[in-house]
Structures are given as structure tokens and as C-alpha cells.
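These come from TrEMBL:
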- 34-457: domain 'Major facilitator superfamily (MFS) profile' (DOMAIN)
- 1-25: region 'Disordered' (REGION)
- 46-64: transmembrane segment (TRANSMEM)
- 107-125: transmembrane segment (TRANSMEM)
- 131-151: transmembrane segment (TRANSMEM)
- 172-194: transmembrane segment (TRANSMEM)
- 214-233: transmembrane segment (TRANSMEM)
- 269-291: transmembrane segment (TRANSMEM)
- 311-331: transmembrane segment (TRANSMEM)
- 340-359: transmembrane segment (TRANSMEM)
- 365-390: transmembrane segment (TRANSMEM)
- 402-422: transmembrane segment (TRANSMEM)
- 434-452: transmembrane segment (TRANSMEM)
Amino acid sequence: MSAQSQDLELSPHGPASGSTVIVGNDDPKERRRAVLSSFLGSTVEYYDFLLYAAAAGLVFPQLFFGNLSPTMGTTLSFAILLIGYISRPIGSMAFGHFGDKYGRKNVLVITLLTMGIVSVAIGLMPSAQSIGVAAPIMLVVLRTIQGLAVGGEWAGATLMAMEHSKEENKGFGASLAIAGGPAGAVLSTLVLSIFSVISGDNFANPERYFVTDWGWRVPFLFSAGIVIFGLYLRSRVTESPEFEAARQRGDVHTGVPLVKMLKDSPKELVLGSLAGMAGLFVQGLQASFMVPYIVKATAETDAPISRADGLMMVTIGSVIAVFVMPFLAFLSDRFGRRRVMLAGGIVSVAGLWIVINMIETGNPGLIWAGLILMVSVVQPAQFGPIGAFLSEKFDAAHRYTGAGISFQVASILGAGTAPLIANRIVTEASGLTPVAIYATVLFLISSAAIWLSKETAHIETHEERFQETSVFKA
């Protein structure tokens, strides 16, 4: 048994009443290593996915669907983006099964390695001009594999950071892993911005050899360096102390985690999936829809905004979000997950309408401020504590599976459908107001799910955390 699990008060038949099970890791150096490796894994995850999301709106319609209309090409690029999201829950089930039965660490090495290999493969893939219809087919296959790996990565990285953290800081610890998301957005948009500036209008022009064969590829190949460093760190991280506690209780290797989770925590799965939906919808908008929309909407004005400008707005907002998300999670450690997330929902809805009105003015300064505000405040406001909120809903014996599926279903309902729905709405209607109305409805649904959920912050014992006190109980 690992050193950090030796201090747990355990009995052969489960924890004694009042015994503290969720204690985290007592070694500060080990905690930092676990958090950093989780942060880097999430950075790669979001770097790869947001890089594709940005490229789906800016580059891929011309490279892989150049024989179709711009609208149809963009729609198909976003559809392939959605395919990657649809495969995520399957990855959560598969990797979650092994993560709950055999430990988090080795599974996370596999997911990180897979994400890196797929990203490099996308960067090396020929365009439709070279191999015809085989190119988009290959893209679908690679996105599916990448989605499977990401489905296993999010929950595992979040759990490793949270389960190594002290009880009073679990929300903050989990958020540091999730903060890799905006960090990945910073990297992806920054790299795309650099190559967009270098290439100018020829960024996705099939007639330019450099652009077609390398200009958009380098950002995908760049992730290999982050993956190598992340793998080095993960190879040195010890197993999660809470998983070791569950192993000592005899809760692992007994049945299928997915079946146990569906039997013990079906309400938590539904509420968790709905709770994260709205924040992920906004994430999907800012990742793949807003920049192309702004570029197109301002193209014929006296002050057009370029792709590079739009990507830089997302970069600035993401830098701020790296700090906003952990701060909100810190508040959730002090005041509770539900209270902070419900207040965040109000901020998100109010902020979203302000942002939409700022962008619709057409004023370049207001557009810059609006998109930065959307990325840095509107999206993180309710989303900051989501890592601990979802993870604490499930027992350690099936937490990897439960938290992972909850988040990935929310990703499909929110981020995965965002560009398709938004693109359809603005095609049928004028302006972004209908998109804001749709997002507001999602925030109402997510807030209702949060309100119906049980508060889990500061509940230290296994029995207290998972006793039947759900609001659904008669």
C-alpha cells in the first residue's frame, strides 16, 4: 500500500462511522506533481480539441470540403467536431472502467499518449486536394479516437488533482487541473494567431504550398512536446490516495464500475450532466463559432476584424480565465459548490446578454471587450467549481466512470452542439440575440440541476458523503 494511504482509518468491512476517508496526500511535493501533471494533461486535451474547433471554422472547410459551398463546408467541419464529442462518453466508460478497477495513474498515461499521437496524425494528414474523399474520412476516424482518449482524460486528470488535495482544498485542487483548459486555449489560439499573421489571407489557401502543407499543421505537431513532458511527470506520480482507500475497503475489483454507478447514482449522473451543459455551450461558442462570425460580420465594415484579431481576443480572455476558474473553485471550498455555482449562473446569463449587445454594436473596441469578457467571465462563472462538483457526487469506487460520463454527456449537450446550433440560428435569423436566448434556457436548466443537487463540500466521511439524502428521496 502506498505511503499516503497508510494514515487512512480503514476497516476490512468499510469505514467506521465518522472515519475520515477523503484526506488527500500529506506530501506537498507529491501534491504539486499530481496537480501539474493533471494541468498539463488538460492543457493538451483542450489544446488539441480547441485547435480543431478553431480550425473547423477557419481552415478545414476550404481544405477538406472545398468543392462545397462555404456554409456546407463549415457545417460538415462542425459535424466532425461533434463526432469527437459523441465518442467522449464511450471513452469515459472504457477508460473509467479501468481507472476505477486498476487505478488512475496508468490509464492517464495511455489517454495522454493517445491524444498526442492523434494530434500529430492530424497534423500530417493530406488534404482533400491530394487524396480526395479519403481525407475527411481519415479526419472522422482520428477525431473519434481523439474523443475516446479525451473522454478518459478529463475525469482522470481531475480526480488525480482532487484526490491528492487536502479536504479543505479539493475544489481548488480539481480546478487547477481544469484550468489546463483555458491554458490549452491560450496555446491553441496563440499558435493559430501567429501562423494566421504569417500567412495572412493565404492561411488556408490551397494554392499556397507552404500554407496548405505546413501553415496549419505546425500547431497540431506542436502538442508533441507538451505530451512528452506530461508523460514524464505522470510516470513519477503515485496512485490516488482515495483509490488506495477504496482498494483497501474492498470496493474495487468487485463487478463493473459502470453498472455499480448506474445502480447507486443514477440521479447524480443526470444532474451532473445537466449542470455542466450551459458552461460548455458557451465554451463551444467561443472556441469555434464566435471568431468566424465576427470576422464575417465585420468584413464589409470600415473597421473589419481579422482572424488574428479574433484569436488574440480569445487568447487574452483565456489567460484571465486561467486565474478566474481556480478563484471561483477556492470560493466553493469556503462557501459550498452549489452556492457559488448558482451565483455564477446569474453572472453568466447577465454577462452573456451584455457581451452579445457589445458585439452587435459593430464597434471594434466593444467587440474586443465583449469577446474577452465572454471567455474570461461568462464561461467560467458557473463552470469554475465543476471538477469537484461532479467528482464528489460519486464514490471513489466508480468516481472515474461517473464523473467522466457526466462531463462528457454535458459536453455533447453543450459544447458539441454549440457551433452547429449557433450556425443554424444565425443562418435563419439575423444577429446573435436568438443564440443568447437559447443559451439562457440552457443556463436555467443547468442552474435547476445544481439547485437540486446535494452539497458535497466539506463532507469528509464516506458514510456522510453517500448516505441517501437526495432531494428526490420521498
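Start at 1 and count along the chain as shown; that gives each residue its number.
Backbone N, Cα and C atoms are what each Cβ position is placed from, and that goes for glycine too.
Spatially, the transmembrane segment (131-151) is not adjacent to the transmembrane segment (214-233); fewer than three Cβ-Cβ distances between them are under 8 Å for residues at least 6 apart in sequence. Regional average pLDDT for the domain 'Major facilitator superfamily (MFS) profile' (34-457) in the model is 86. Contact between the transmembrane segment (365-390) and the transmembrane segment (434-452) is present: at least three CB pairs lie under 8 Å, with pairs separated by 6 or more positions in sequence. Within the chain, the transmembrane segment (107-125) has long-range Cβ neighbours (under 8 A, six or more residues past its boundaries) at 37, 41, 44-45, 47-48, 51-52, 91, 95, 98-99, 135, 138-139, 142, 145-146, 148-150, 152-153, 156-157, 160, 217-221, 223-224, 226-228, 230-231, 234-235, 400. Contact counts against the transmembrane segment (340-359), taken as Cβ pairs under 8 Å, peak for 434-452 among the stretches 46-64, 214-233, 269-291, 311-331, 434-452. Among the listed stretches 46-64, 214-233, 269-291, 434-452, the one sharing the most Cβ pairs under 8 Å with the transmembrane segment (172-194) is 46-64.
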